[in-house]
Amino acid sequence: MASESGKLWGGRFVGAVDPIMEKFNSSISYDRHLWNVDVQGSKAYSRGLEKAGLLTKAEMQQILQGLDKVAEEWAQGTFKLHPNDEDIHTANERRLKELIGEAAGKLHTGRSRNDQVVTDLRLWMRQTCSKLSALLRVLIGTMVDRAEAERDVLFPGYTHLQRAQPIRWSHWILSHAVALTRDSERLLEVQKRINVLPLGSGAIAGNPLGVDRELLRAELNFGAITLNSMDATSERDFVAEFLFWASLCMTHLSRMAEDLILYGTKEFSFVQLSDAYSTGSSLMPQKKNPDSLELIRSKAGRVFGRCAGLLMTLKGLPSTYNKDLQEDKEAVFEVSDTMIAVLQVATGVISTLQIHRENMKQALSPDMLATDLAYYLVRKGMPFRQAHEASGKAVFMAETKGVALNLLSLQELQTISPLFSGDVSHVWDYSHSVEQYSALGGTAKSSVEWQIRQVRALLQAQEP
C-alpha cells in the first residue's frame, strides 16, 4: 500500500523526491489511458487472492465494490488525480483506500507493478487490436466493393512511373486491397501473441502465495499464461511486433496515397477527391489540395519512428524490468490513435473518390501494347527473346517515323518479321489486351472477379 508519502515504494526512503525528478518519473499523464484495464486486472487479482485464502469473501466484495466506484469516477470524468499519483496504479490504489479503507492494502499482496502494468498493457492492446482489425476490414471491403462496381474501367498501369501496360482500374484497387489483407492477417497473429497473461509473475521470481494463474487467465479471458516470470515482466516484443505491424500497414497505405495523389493531379486527371477529404489554399483560390492523402503519407514516418525508437530502447536492456520500459506506452497509444484515424480517413477517401473514365481511356496509348505485339509473334511460334527484339524494332521504327505504333503498315511490320499478318490489327484493341491476362491474378475480367471473391472470402474468415 502507499506509504505516508503516497508512494507505493516509500518505506525505505528518507526525504522528499526532487520535484524535477517527480515530474520526470511520472507517467500518469499518458498511462491514465489504462484506467479501465487496470481496474479489470485488479478485480481479477482480488478473486485470485480470495481463492488463495489471502482475502476473506467480505474483503473481496469490499474491494470489488470499491474498484467499481473507481471505474465509475473515471468513466464520468470525476476522478481527481493527486500530485503523488505517479502512475495509474498508484492513482487507483490511492483512491481505493480512500473509498474502502485499509482493506485496499491487501490488494497488492504478491503483485508487483511489473506484472500489473504489462497485464494492463496487454489488455488494452488486445482491445485496440480488435478495433483496428474491424476498421481495416471495413477499408478492404470498401475497396473490393469499388473494384467490383468499376471492373470494366481501363487505364494505364505504370512501372518506374512510366506507362507500361493497359490494366483494369479494379486491378489497381485490388493490388492495394490484397496487400492490406496480409496486414489484416498479421494483426490477428499479433493479437494472439498479445493475448497471453503475465499477471501472477510478481516482480521477477513469480508468486509465492498460491495465487491460481489459471483462474486469473479465465477471469481476464486470456488465451494462455506466460511460461517464465522474468520473461513475462520484462519482455516487450509484443509491443515491438505491434509497432512493426503498424509500420508495414502504413507503408501500404502510404503507397496507395501516393498513387492517388499523382492520379489526382491535372497532369493525370484520373481521379478527384471529395471536398470532404480535401482542403484549400489561404492564398490561391483555385487550389484543392489532397491533404487527407498527404497526411496518410506523412504519418507513416511518424509510425516508423515510434517502432525504431522502441527497438533502440529494448536492444541494450539487462534482464527483467527496467524503467526504460515506461517508454513503451506512449508509443503504443500514439500509434494506435494514428492508425485508427488513418484507417477511417482512408475508407472515406476510397468510398467518395470520383474517377474520370474518359481521361483514363484517353491516357491509353498504342506504345503500351508493344508487349502484346511480342506475344503476337510468340503465338506465331517465334521464341520470346526474338519476339521482344522484333517488337522493339517496331517501336523504334514508329518513333523514327513520328507515328503511333499502331499506324505502322503491315508492309512495314513485315520488314521486321514475315510472321506479321493481317490479324495483327487485333493487337491494338485495349479490351482485347487486358483479356489476354486471364491466368489467376491477372487483369482479365474473369481474373479480377476471382480476386474479388478471394478477398471477400478472406474477410469473411477473419470476422470474429
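The count begins at 1 with the first shown residue.
In case you wondered, yes, glycine gets a Cβ from its N, Cα and C as well.
As written in Swiss-Prot, here are the features:
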{"type": "MOD_RES", "residues": "Ala2", "note": "N-acetylalanine"}
{"type": "MOD_RES", "residues": "Lys7", "note": "N6-acetyllysine"}
{"type": "BINDING", "residues": "Ser27, Asn114, Thr159, Asn289, Tyr321, Gln326, Lys329", "note": "2-(N(omega)-L-arginino)succinate binding site"}
{"type": "MOD_RES", "residues": "Lys69", "note": "N6-acetyllysine"}
{"type": "ACT_SITE", "residues": "His160", "note": "active site, proton acceptor"}
{"type": "ACT_SITE", "residues": "Ser281", "note": "active site, proton donor"}
{"type": "MOD_RES", "residues": "Lys288", "note": "N6-acetyllysine"}
{"type": "SITE", "residues": "Glu294", "note": "site 'Increases basicity of active site His'"}
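Sequence features, as recorded in Swiss-Prot, placed on the structure.
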residue : record                                        : CB count, 10 Å
Ser27   : 2-(N(omega)-L-arginino)succinate binding site : 19
Lys69   : N6-acetyllysine                               : 17
Asn114  : 2-(N(omega)-L-arginino)succinate binding site : 21
Thr159  : 2-(N(omega)-L-arginino)succinate binding site : 8
His160  : active site, proton acceptor                  : 6
Ser281  : active site, proton donor                     : 10
Lys288  : N6-acetyllysine                               : 13
Glu294  : site 'Increases basicity of active site His'  : 14
Tyr321  : 2-(N(omega)-L-arginino)succinate binding site : 20
Lys329  : 2-(N(omega)-L-arginino)succinate binding site : 22
Would you count the other C-beta atoms found within 10 angstroms of the C-beta of Gln326 (2-(N(omega)-L-arginino)succinate binding site) for me?
16
How many neighbouring Cβ atoms, not counting its own, are there within 10 Å of the Cβ of Asn289 (2-(N(omega)-L-arginino)succinate binding site)?
15
What is the interatomic distance between the Cα atoms of Lys329 (2-(N(omega)-L-arginino)succinate binding site) and the residue listed as 'active site, proton acceptor', given in whole Å?
40
Report, in whole Å, the straight Cα-to-Cα distance of Lys288 (N6-acetyllysine) from Ser281 (active site, proton donor).
7
Of the recorded positions Lys69, His160, Glu294, which one sits closest to Gln326 (2-(N(omega)-L-arginino)succinate binding site) when you measure Cα to Cα?
Lys69
Can you figure out which of Lys69, Asn114, Lys288, Asn289, Glu294 (the recorded positions) comes closest in space to the residue listed as 'active site, proton acceptor', comparing Cα atoms?
Glu294
Consider the recorded positions Lys69, Lys288, Glu294 and say which one has the Cα lying nearest the Cα of Tyr321 (2-(N(omega)-L-arginino)succinate binding site).
Lys69
For the 2-(N(omega)-L-arginino)succinate binding residues given in the record (Ser27, Asn114, Thr159, Asn289, Tyr321, Gln326, Lys329), what is the largest pairwise C-alpha separation in angstrom?
51
For His160 (active site, proton acceptor), the three-state class that DSSP assigns:
coil
Which of the recorded positions Lys69, Lys288, Glu294 has its Cα nearest to the Cα of Thr159 (2-(N(omega)-L-arginino)succinate binding site)?
Glu294
Given the recorded positions Ser27, Lys69, Asn114, Lys288, tell me which ones have a C-alpha lying within 10 Å of the C-alpha of Glu294 (site 'Increases basicity of active site His').
none
I need the CA-to-CA distance for Asn289 (2-(N(omega)-L-arginino)succinate binding site) versus Lys69 (N6-acetyllysine), whole Å please.
49
Lys69 (N6-acetyllysine) and Ser27 (2-(N(omega)-L-arginino)succinate binding site), Cα-Cα, nearest whole angstrom:
23
